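Q: There's a structure below that I have some questions on.
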Amino acid sequence: MHEMSLVTGILSIIQEEMSKNGVNKLQRVKVCYGELTNIVPDSLQFAFKIFTEGTSLEGAILEIEKIPLMLRCSNCLSLFTPEDKQKIFFITCPSCKKEVAYNVETGREFYIQHLEVE
């Protein structure tokens, strides 16, 4: 369950930012993750709740947004979402119909999008 280590990192960043800005109360944090990260949102929520209990961050709301997998065909430069995300190594481009290399444009990210503080 790598969500626990991700939450530990998130909380460290949040506390550092709050300290730098003289803020005491976190109301909400929004994180974004890509489809390829294998993050389980419920596990992320659970770890966030457990790790914030009894701290100044307790009661803060964690919002989670999934970023879809988007690929760019190296032949025609078309941007597309594969139908079967389990077989991304053997994909035919829906535009040029060639089975060629592609670049992952989105789907691997994990970041804090914003914090709401008091």
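Quick reminder: no glycine exception, Cβ is built from N, Cα and C everywhere.
Checked Swiss-Prot, it gives:
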BINDING   His2  Ni(2+) binding site
BINDING   Cys73, Cys76, Cys93, Cys96  Zn(2+) binding site
Q: Around His2 (Ni(2+) binding site), how many other C-beta atoms are within 10 angstroms of its C-beta?
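A: Excluding its own Cβ, the number within 10 Å is 13.
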Q: Which whole-number value in Å describes the distance between the Cα atoms of His2 (Ni(2+) binding site) and Cys73 (Zn(2+) binding site)?
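A: Distance (Cα to Cα, whole Å): 31 Å.
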Q: In the three-state scheme derived from DSSP, which category covers Cys73 (Zn(2+) binding site)?
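A: The residue in question, Cys73 (Zn(2+) binding site), is strand (DSSP, three-state).
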Q: If one looks at the chain holding Cys76 (Zn(2+) binding site), which residues at least 6 apart in sequence have a CB under 8 angstroms from its CB?
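A: Looking at Cβ-Cβ distances below 8 Å from Cys76 (Zn(2+) binding site), excluding near sequence neighbours, one finds Cys93, Ser95, Cys96, Lys98.
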Q: Please work out the number of neighbouring Cβ atoms within 10 Å of the Cβ of Cys73 (Zn(2+) binding site), leaving out its own Cβ.
A: 22
